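For reference, the structure discussed in these notes is given below.
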């Protein structure tokens, strides 16, 4: 048998079997081809130097002795010239000629590869294998940043990609051990928020509003499945069950094109058309694909039984036999019939007869180049670069440049050789064949639907550019401007951002439906895009300006788009019914088809600018193809393994594409399609892709130059020239300029947008008017005088207007509309008419919406369209209710009559032909367009066929235009005959009204044009003879003169609707609500009241927490109560007594104030639980209110809060509304729980039901003989008879958010004021009561003994801060109501103090980093310290020396200054670690000599409490053990003790002024922050309970809550006349000091500020030399600017230090004269100098002090404090920060160590039983003072066991001494002596080591077992 027969049989056998090829023993198996075919050749053909397999697989790895001695034998058997070895070129093609070469010396800017190559240094570690052996990419793995997640393979991804549902790491490690995402559920209320989410099938969450909206927002259509309706597909399309639209020809074609495969269900076998071939599987393919050599059927049935019509292509080094077989070239003329048909040995091959005498040694065997002996015969071969000719002897040059892909870009052929070259911007690689782009490393930029990401193609780096996108599809970039553009098909927008992801902004936001393609012209700065929804290609500037429809004809579904700006060409794909690829110039001209065969679904498209080719993908044909830019030389690059390619890009020699099915990015060689690899897989939904690199946007000539080509708008390239173009619809007035406006255009509504079609141009392209928030536009009209377009929106229930270009958009009517379906403009009187099918009304207003009034409200049933005819004064409207009709009336509603009432079904559009006096209408039910005379006569059908559903109708010129819902088109015809029909636009969904905007409306003269016709308000056209009439806004009556309107409503309902206040006039015969035009934003308006005397409305807003008022016309708005409100549910105005009363459910109070909000007072605050409605009966002196707390009730009291009594407390649920019927002395209320309106006598008797059931009544009011109420459920206002509850009618409906309601009759007299004309003689408030009246004072202020006059202010009160406010609580009264101090500009107030001398409050604001002061009435606010502060946590005022002290936690300093901020000085700045609270110095006549200290807490790493003199000297640590976070600190002047709160240990403690006698006062407090002391009480603020609390300072008992529910509580102090008394040496004339004076225990010192202020500073008291610049150092001196703190030097010396010691070598005389004052050191005053009288007084005071102390010891003993054991689990908080207003607190229950609150002393020896009697007496004194039986028992046990039991009951932890010292019976010296003489009386339980703190400070380095959060989580 012949070898070719064996080859053929084996080939068929292998093809029919598995891909594993099996050849016989005597045969060699070739490699499997790309098509899966196998080839077998005779075994002797292997390694014979011939390419018999066609792929060289039979010659791979062979070492054949075929090379001459002059040649080099490559490893692959190839022979090359020996001179080519080690020349740097890969001539062998396996690099074997460049191996083992001596190393080449690389240049300085080159990198040496391991294989000897040299490459650019810039190419090292750029992700490209430039060396060829990858030695340039052996780089260290980069480190991930803090915001990145490291994958298991070492790569880095964005941190928030971890567990986001997408596999971003290649190994999937970012999605391991993750929980399924949870979408936000739909709420149960009827108002779903915009944040509700829908979960896609694969887990992603999208907004629920995108569910079933017709768009594939999930990406897998799961959001559109199970929907009752979908957006309909176009004609020629098939709708999948999921909602996807596909080409109808793909139905039952064997391919599952629908994602749910619904296109292949229920198919028959006869679906293939005549132009299709049916595969064996039933699939349909194009008939032209039959026998084309490609397996299109996937089962090869389209290639079976085919005739051999063409010859297969053999490899270049093979011979094609006559029978079609391929053999190796060397087998030609070898004397063997290798072909089988002897064609390889035929004479035609010039085969010479073999003589047997041939030899290569003789004449080189006759060979031109190389000769070798094979089987005894001569065989000629050629050198590399040549091929053997047909004579078998001579050689000819091989043109390598003709072989595609031999060179990357350019190729030049030469004899026996070739040379590759690269385009500008590229450089040859070391292989001398491929080109590398110069510049940065390439980045693949791709859209992923929900984000845009970047990936490096040669490494694993994968980063995020933009996230939180909706549905990003197409994208492109502008490298020079560093911009990225993308389209979002869910938002229907085109957006852009910087390439770093910042500055996101919209470019195109209107008129888009499915923008699937996007391309940037980087040369001319233009943006092009395709839209398959509108079937257009458009262009605009990069910012979206000057938008133009470029191509619109013969486009079906344009998708991908690519630009070639250097050639001025656009390329795009279209996958409509006739798939094709087209091109045109960039101005839209020169359109041509590039390819239109063998295309199904051409998706992606890209241009290889260097290679001058285009590449595209076909998702249906599963192929990547390429062609020249003119479409020639088309070739498939990859035709297998492409499930669903979408987008493609090219860079250098590689193609990159995205695939929907595999959700991956892939790459391959652009020439061969080989070397395929996956760059990234497991992506979300990869869409468009681009290579981000400057060479992808090479430089080109800008044809438009620098001046935009002289064009006024668009300059578009066209070939090598340019064209000036105009935006869509604008006509060109010359070759370069466009018109600035439109003269006439067709205006139509499409629900979601309003569009225009210009009649100024011929293209008739529709253009979207750029309007915002158009949701469901229905009716339209226009006014050319001011270029306005008007439209109604039935979704937002509004009427709006804007200029025709979209500018100046505004809402003109937005209230009391339900379904505004018709609209008409009276261009003569500038009036706006509309119909409302929801309210069944016709209304009119000025064109700006003002002076609105109802014209017709009776006998209307769904009025639809409306038109006006100002010439005759008539208006016409259609009504398509139960009895459809067309009516007309005067434009003032006069002369109303029906003109058409028969043969009507759905009369929609109306139009008037003013010239022929005809009325046209369209009837969607009758499917006709008809006309008649303006009186209804001469009716005639104009068009009666092919009108499925006409809607809008208009006339212009000789044409009539209409919209049709069913055909989705705009059509026109001759207006007289109905003939000559044309379609202007089609495939337009949701078409509504239509008009033609023009500038030729006929002018009409009217009396209204002159002085408004004499009308005070509205002047309307009317039929002749009058021609006009006057009318009034809704609810207001016209006066008898027929021209003037009354000033307002007399009798009306006024009600709150959460976001507005409305009125319903009772003066007119219909009910119409009118919004009170208050120019303020309302959030949750609940309660409402009216002052009929001044015509003002009062309302409360529980969200804004304020009570406001305004005139009934909306003017003069003001907020009267802005503080101290939480939920004000009830409001009542006492118009007689001129007061306003309100209830507050949040604070559970009832308050009263003047009508302007002044003199506010709490009337009732006890036993209230959610008070709601409140009503007043001034004449009787009573107020009534409902309480719907746990025990609902109805109560009454005097209007001053006296004589309180419960009237009804049974069978009540939610008593909401309340009103008083004074005429019948009845009380009426509405109960939403019992669903009844009831009534009773004013004392609660004779209770009975009036109306039942009522669904959910809220507000209730009464006027005359009717009651009115609001109902939440029905969203309506109802009315009934007040006596019987019968005759219930609906006043107004469709009013969501209804709240309180009041009925007012301003004509009724108010009544007699009980307080008379002089306020009852009261200085402040005069309040009625049943027996007369009583005088009252504002909250917290007491009434004097005369019962008439109030004190000017509280005497003693708490002053506290709560971040955004400063408040006070009077301690003079029992109600403990907080009153806001009206200080402006409060942001984050932390600490505060008070100066009783000037009456100012000082406070720190850590948001602004300032210290400020203000008067208590909020006035005179000024900044004291405005620079150099970081976190000022503590503040203290020295009211005697007029100094200010503060701690700065941020700078770790304690500073001081004068009270005005001058003379600033740092006192302490070392060994401070977060100083917090600071206590002001003690003063007083008796204690000033010994107790003038500064105390502060420090809760840094080692928490402590310290003390120092006021100048910072003699610093001493008082307590440094067993402290956590010592926050607040206060001093008890009476007992000379310090108290502090510990927020970590959650307790309040105290000690004496030396830190001794420490004891726990309260052991269980949640999170105390600050504290203060007054009388017998300790007050503190608590963060967790959000309250102010107090306990007895002696026992720690009697705990009370002073104020609850206060957010952000901070500092607290007491202001009292007893708190700031006494004086010291600095109190008179500043101690004689020029700047700062600091008092100390026995002396005082002068000090200088750290920053000189320009005045000489002297440290000697009393020495002030003359200085013309010197100013008074009184407290009133101005704040010195730019005062910077400096470090205070060492502490001042003691008092007895001489001046010589202070000043060194300076003499005492010189020092006293001030001649040595060179230092800023504080210098003490010398004895006998300075204030002699002051020291004399001081001496006397010292003697008095000693006498007082002795007397105190004789009168009483010390008091014992309560000791408790806090050894239980408690709440632990993190170290708080005050820099932000919202802090979080994480509560952790951590057990604390057992604390022993006993007096403990360290004991050196054994048990002590020598407890002295004196000490027993001390303890007895405590027990006597306590009066507690339990403590008496303790004392008994103490006496019996002494030391042992004393240890258990009266021992305190470390550093404490006998309680006796705390009462003043022992001074410091005596106490220390006592400690030395007596050893510890009880065993030391915890003195061996300080216990560790539980919990840690997050910012101090304390070690903690748990992670603590911040404050506000509590």
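Backbone N, Cα and C atoms are what each Cβ position is placed from, and that goes for glycine too.
Here's what TrEMBL has on this protein:
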- 1-16: signal peptide (SIGNAL)
- 67-79: disulfide bond (DISULFID)
- 86-101: disulfide bond (DISULFID)
- 106-118: disulfide bond (DISULFID)
- 113-131: disulfide bond (DISULFID)
- 144-156: disulfide bond (DISULFID)
- 151-169: disulfide bond (DISULFID)
- 163-178: disulfide bond (DISULFID)
- 212-227: disulfide bond (DISULFID)
- 233-245: disulfide bond (DISULFID)
- 240-258: disulfide bond (DISULFID)
- 279-297: disulfide bond (DISULFID)
- 321-339: disulfide bond (DISULFID)
- 420-435: domain 'EGF-like' (DOMAIN)
- 482-524: repeat 'LDL-receptor class B' (REPEAT)
- 525-567: repeat 'LDL-receptor class B' (REPEAT)
- 568-611: repeat 'LDL-receptor class B' (REPEAT)
- 612-654: repeat 'LDL-receptor class B' (REPEAT)
- 787-829: repeat 'LDL-receptor class B' (REPEAT)
- 830-872: repeat 'LDL-receptor class B' (REPEAT)
- 873-916: repeat 'LDL-receptor class B' (REPEAT)
- 1095-1137: repeat 'LDL-receptor class B' (REPEAT)
- 1225-1266: repeat 'LDL-receptor class B' (REPEAT)
- 1442-1484: repeat 'LDL-receptor class B' (REPEAT)
- 1492-1535: repeat 'LDL-receptor class B' (REPEAT)
- 1536-1577: repeat 'LDL-receptor class B' (REPEAT)
- 1670-1696: region 'Disordered' (REGION)
- 1861-1914: region 'Disordered' (REGION)
- 1881-1890: compositional bias 'Polar residues' (COMPBIAS)
- 1891-1914: compositional bias 'Basic and acidic residues' (COMPBIAS)
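On the backbone, the CA of residue 339 (disulfide bond) and the CA of residue 258 (disulfide bond) stand 50 Å apart. Distances between the Cα of residue 321 (disulfide bond) and those of the disulfide-bonded residues 101, 151, 169 are shortest for 101. Per Cα geometry, 86 is the residue among the disulfide-bonded residues 79, 86, 144, 163, 212 nearest to residue 113 (disulfide bond).
By the count of Cβ pairs under 8 Å, the stretch nearest in packing to the repeat 'LDL-receptor class B' (525-567) among 612-654, 873-916, 1095-1137, 1225-1266, 1492-1535 is 612-654. Annotation: 258 are the disulfide-bonded residues among 86, 101, 144, 178, 258, 279 whose CA atoms are within 10 angstroms of the CA of residue 245 (disulfide bond). In this structure the alpha carbons, written CA, of residue 86 (disulfide bond) and residue 118 (disulfide bond) are 13 Å apart. Counting only the Cα atoms, the space from residue 258 (disulfide bond) to residue 212 (disulfide bond) is about 17 angstrom.
When pLDDT is averaged over the repeat 'LDL-receptor class B' (568-611), the result is 93.
A Cβ distance under 8 Å defines the sequence-distant neighbours of the repeat 'LDL-receptor class B' (612-654), meaning residues of its chain 6+ beyond its ends; these are 34-35, 250, 255, 257, 294, 408, 426, 434-437, 442, 444, 446, 457, 560, 562, 564, 567, 569, 571, 573, 581, 583, 593-595, 598-606, 660-662, 667-673, 676, 686-691, 693, 695-696. Distance from the CA of residue 178 (disulfide bond) to the CA of residue 240 (disulfide bond) is 34 Å. Cβ neighbour count for residue 258 (disulfide bond): 22 (other Cβ atoms within 10 Å of its Cβ, all protein chains included). A Cα-Cα distance of 48 Å separates residue 106 (disulfide bond) from residue 163 (disulfide bond). Nearest by CA distance to residue 156 (disulfide bond), out of the disulfide-bonded residues 79, 101, 131, 163, 279, is 163. Between the C-alpha atoms of residue 169 (disulfide bond) and residue 79 (disulfide bond), the distance comes to 46 Å. A straight line from the CA of residue 297 (disulfide bond) to the CA of residue 151 (disulfide bond) spans 42 Å.
For residue 151 (disulfide bond), the Cβ neighbour count at a 10 Å cut-off comes to 20, with all displayed protein chains included. Helix, strand and coil content of the domain 'EGF-like' (420-435), in residues and according to DSSP, is 0 helix, 6 strand, 10 coil.
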